[in-house]
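Student: Checked Swiss-Prot, it gives:
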BINDING   G27, I28, S29, G30, G31, I32, D33, S34, T129, K158, T180  ATP binding site
BINDING   D33, E134  Mg(2+) binding site
BINDING   R109, K142, D149, H231, K232  deamido-NAD(+) binding site
Amino acid sequence: MPDYQKEIERIGEFLRKIIADRKAVIGISGGIDSSVTLGILSKFFLHENIKAVFMPDATTPKSDYDDVDVLASTFGVKYSTVNIQNIVDTFSKTLSAVDKGAIGNIKSRIRMIVLYYFANIYNGIVVGTTNRTELLLGYYTKYGDGGCDVEPIEHLYKRDIYEIARLLGVPESIIKKKPTAGLWQGQTDEDEIGMPYSKIDDILSSIFDKGELREDPDFKKILDLHSKSDHKRRLPYSLSPD
């Protein structure tokens, strides 16, 4: 088993080097990834140097509000709440947007804009919360939750995040809840992807860590998701100077 306590220390020192004397700006949702990232920040930075922002919308369940409250209290960090629904409504009305997926991506990009607003006024660094599972699947919004200055947990699979969450003392209600990107009502990651994270991590590790390929429908599905999301992991295409 990996030494997760040592990994927490490694991530913390990495963040200290990157953020230095600036403010860490992080979006929190009551989900496992942002909770773990906030927990690590709270161990390595003065709490007044952490700007945590909760950005609910009309589809955000009350349980997320409660979990964010308990999370902030657990780690002794104050947070701001910015309800983005009015902004979402303005975009949707202006664009006559009705596609659920497109509106979900609008929400994610609005949250990115809000975080960079706070980074702007506080001379801060936006801290991302994408994990390795999401990165390899492309399960994040380009220039949305994928838009940040540093990704401290991007090398960790979802299963690693849960182990670190327990070490940090992340509230049990957050550890037990079904992961969701919060893009529409009732959405869960595993339902949308079509398989549990435990299986996804096993397949991703087999492919990308061990170089194993199998004639298996689930392997094919994961490889297809990885291939179709390749553009998310690349810088924009450009020409080289003559």
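Each position is counted from 1, following the chain as shown.
Glycine is treated like the rest: Cβ placed from N, Cα and C.
Keep in mind that this is a model prediction, so the values were computed, not measured.
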Student: Based on Cα distances to D149 (deamido-NAD(+) binding site), point out the closest of the binding-site residues G27, S29, D33, E134, T180.
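Tutor: Closest by Cα: G27.
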Student: Just checking, which of S29, T129, T180 (binding-site residues) has the fewest C-beta atoms within 10 Å of its C-beta?
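Tutor: Per-residue Cβ counts within 10 Å for the binding-site residues S29, T129, T180 bottom out at T180.
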Student: Going by DSSP, is K232 (deamido-NAD(+) binding site) part of a helix, a strand, or coil?
Tutor: helix
Student: Among the binding-site residues D33, E134, D149, whose Cβ has the fewest other Cβ atoms within 10 Å?
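Tutor: Each of the binding-site residues D33, E134, D149 was scored by Cβ atoms within 10 Å; lowest is D149.
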Student: Per DSSP, to which secondary structure element type does T180 (ATP binding site) belong, with helix, strand and coil as the options?
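Tutor: Going by the DSSP assignment, T180 (ATP binding site) belongs to neither helix nor strand, so it counts as coil.
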Student: Whole-number answer please: how many Å between the C-alpha atoms of T180 (ATP binding site) and E134 (Mg(2+) binding site)?
Tutor: 12
Student: Under a three-state reduction of DSSP output, how is G27 (ATP binding site) classified: helix, strand, or coil?
Tutor: strand
Student: Using C-alpha atoms, which one of the binding-site residues R109, E134, K142, H231, K232 comes nearest to D33 (ATP binding site)?
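Tutor: Of the binding-site residues R109, E134, K142, H231, K232, E134 has its Cα closest to that of D33 (ATP binding site).
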Student: Please identify, from the binding-site residues R109, K142, H231, K232, the residue with the sparsest Cβ neighbourhood, meaning fewest other Cβ atoms within 10 angstroms.
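Tutor: Counting other Cβ atoms within 10 Å of each of the binding-site residues R109, K142, H231, K232, the minimum falls on H231.
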Student: Highest CB neighbour count within 10 A among the binding-site residues G27, G31?
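Tutor: Counting Cβ neighbours within 10 Å, the top one is G27.
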Student: State the Cα to Cα distance, in Å, between S29 (ATP binding site) and K142 (deamido-NAD(+) binding site), rounded to an integer.
Tutor: 18
Student: List, in sequence order, those binding-site residues among G27, G31, R109, K142, H231, K232 whose Cα sits within 10 Å of the Cα of E134 (Mg(2+) binding site).
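Tutor: If one measures from the Cα of E134 (Mg(2+) binding site), no binding-site residues come within 10 Å, so the answer is none.
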Student: Nearest to R109 (deamido-NAD(+) binding site) by Cα, among G27, G31, T129 (binding-site residues)?
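Tutor: Closest candidate to R109 (deamido-NAD(+) binding site), judged by Cα separation, is G27.
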Student: Looking only at DSSP and grouping its letters into three states, which state does E134 (Mg(2+) binding site) belong to?
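Tutor: In three-state terms, E134 (Mg(2+) binding site) counts as helix.
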